[in-house]
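Copied over from Swiss-Prot, here are the features:
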BINDING   SER11, GLY12, ASN13, ILE14, SER157, ALA158, GLY159, PRO160, GLY161, THR162, ARG163, ALA164, ASN165, ASN276  NAD(+) binding site
ACT_SITE  CYS126  active site, acyl-thioester intermediate
Amino acid sequence: MTKASVAIVGSGNISTDLLYKLQRSEWLEPRWMIGIDPESEGLARARKMGLETSAEGVDWLLSQAEKPDLVFEATSAYVHREAAPRYEAAGIRAIDLTPAAVGPAVVPPANLREHLDAPNVNMITCGGQATIPIVYAVSRVVDVAYAEIVASVASLSAGPGTRANIDEFTKTTSRGIETIGGAQRGKAIIILNPADPPMIMRDTIFCAIPEDADQAAITDSIHRVVKDIQQYVPGYRLLNEPQFDKPSVVSGGYATVTTFVEVEGAGDFLPPYAGNLDIMTAAATKVGEEIAQKLLSVKA
């Protein structure tokens, strides 16, 4: 089967875990990994897997005679903002795993097929991939006046790139809660938990809804979205049934539904507790496969 050629830009934890997932793909063939640290473990592993590697950054990749069909970038927001127009000029489709938000944001259960022709798509954040689908599940049943998510992740799973992007995390995730999740207003909070042994990723999703909302329909919608996510992130699960509360002063006079989820990683390269990183790489792979299928069908 013909596959779309892929370059991974970045050689850190997320890029390395992504490499393992791409190796299993029926539609994507990882052929290059690009970094800036010649001693990075990611580049070493990629070389052992037969990929062409370079520590000379995006300049090296774009100087090659053969260009990839797709590039997955897991560097930092400011780096991707500079590289994105260069990818587009070279005719390379980009899947952005940073919070740069250069292109339209994609969350597979909500809008996977809406942006398959875009030159650049953004995977928002780990917290966004884990929680925005739940907000979307609620908002497709009733109006959501306000949605707030709290993403709690193991401190050990947050490398320098994640820490450098904390401000962008909250802004990009909050915007995604509104534009994709469907909430009128959204807010995102991230907690880096220093507990040892490290805790699994856990997320709380709070939605303000009308008092007369159909609770059974909301619960059913949430369960359907969870099943959709489990197709590419098997370790994604509800901790308990959605909890409904009557209007109160705290909720601004709205009734509320609160959902608790946890995300256990597949353990490809990252440990299972790093579900926050795993859901990013799994969602990016899912999006990349859809883009590749359409790209290859056009070429055929």
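FYI, residue positions are counted from 1 along the chain as it appears here.
Just so you know, glycine gets a Cβ as well, placed from its N, Cα and C.
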Listed in sequence order, the residues of the same chain lying six or more positions from GLY159 (NAD(+) binding site) whose CB sits under 8 Å from its CB are GLY12, ASN13
Quick tally, other C-beta within 10 angstroms, SER11, ASN13, SER157, ASN165; top of the binding-site residues is SER11
By the 10 Å Cβ-neighbour count, the most surrounded of the recorded positions CYS126, GLY161, ARG163 is CYS126
